[in-house]
Amino acid sequence: MSETVPPAPAASAAPEKPLAGKKAKKPAKAAAASKKKPAGPSVSELIVQAASSSKERGGVSLAALKKALAAAGYDVEKNNSRIKLGIKSLVSKGTLVQTKGTGASGSFKLNKKASSVETKPGASKVATKTKATGASKKLKKATGASKKSVKTPKKAKKPAATRKSSKNPKKPKTVKPKKVAKSPAKAKAVKPKAAKARVTKPKTAKPKKAAPKKK
């Protein structure tokens, strides 16, 4: 009797496990990225808002800024160093003016000139874009006109015609002086004939008839 060999088991479920592990890592990265992004405005924006809302002439103190940030829902105790860094950066940029104290400690006031520039960034960008587009259109028109002006003189160049016109005026110059030289000789020969005719014909005096005497 012949012995039957059992078939080898197929490895089907083995490659599926690492794929499942890779898929599980992607949502974890997305969750970490979502945690890193802070919700709401940044520290510098909150400081600017607090300084603009205050009505004190001498400026807002650091304690007053911290109170305003805490009221807005910002964790002041954990982010104390960030608040100080934000104040220093705003002072260096010119958005805040330090009226009292040095460094992060003291009182600060909002710079009106810097705030007006920051509130209108879109308008300045639109103005610069319109100026750039207008200048580019003018440059395109100028380049098109220059190309046309360069092409036109090529058609106007005709060296053969200019050479022919320069040769033609030489011929009449040689012919004209001969005719002028002949005409005065004829006029001089005619004048002495008229003088001879006047000399050869002297006028003779006719005798007057005597009147008859009356009886």
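From the backbone N, Cα and C atoms, a Cβ is placed for every residue, glycine too.
Pulled from Swiss-Prot:
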- 20-38: compositional bias 'Basic residues' (COMPBIAS)
- 122-147: compositional bias 'Low complexity' (COMPBIAS)
- 148-181: compositional bias 'Basic residues' (COMPBIAS)
- 188-215: compositional bias 'Basic residues' (COMPBIAS)
- 39-112: domain 'H15' (DOMAIN)
- SER2: phosphoserine (MOD_RES)
- SER2: N-acetylserine (MOD_RES)
- SER12: phosphoserine (MOD_RES)
- LYS17: N6-acetyllysine (MOD_RES)
- LYS37: N6-(beta-hydroxybutyryl)lysine (MOD_RES)
- SER44: phosphoserine (MOD_RES)
- LYS55: N6-(beta-hydroxybutyryl)lysine (MOD_RES)
- LYS78: N6-acetyllysine (MOD_RES)
- LYS88: N6-(beta-hydroxybutyryl)lysine (MOD_RES)
- LYS109: N6-(beta-hydroxybutyryl)lysine (MOD_RES)
- LYS125: N6-acetyllysine (MOD_RES)
- THR204: phosphothreonine (MOD_RES)
- 1-43: region 'Disordered' (REGION)
- 94-215: region 'Disordered' (REGION)
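A map of Swiss-Prot features onto the structure.
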residue : record                         : Cβ contacts under 8 Å, 6 or more apart
SER44   : phosphoserine                  : GLY86, SER89, LEU90
LYS55   : N6-(beta-hydroxybutyryl)lysine : none
LYS78   : N6-acetyllysine                : none
LYS88   : N6-(beta-hydroxybutyryl)lysine : GLY103, ALA104
LYS109  : N6-(beta-hydroxybutyryl)lysine : ALA51, GLY58, GLY59, VAL60, LEU96, VAL97, GLN98, THR99
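According to its DSSP assignment, LYS88 (N6-(beta-hydroxybutyryl)lysine) is helical. The average per-residue pLDDT of the prediction over the domain 'H15' (39-112) is 79, rounded to a whole number. According to DSSP, SER44 (phosphoserine) sits within a helical segment. Mapped onto three states, the DSSP output places LYS109 (N6-(beta-hydroxybutyryl)lysine) in strand. DSSP classifies LYS55 (N6-(beta-hydroxybutyryl)lysine) as coil under the three-state reduction. Under the DSSP three-state reduction, LYS78 (N6-acetyllysine) is assigned to coil, being neither helix nor strand.
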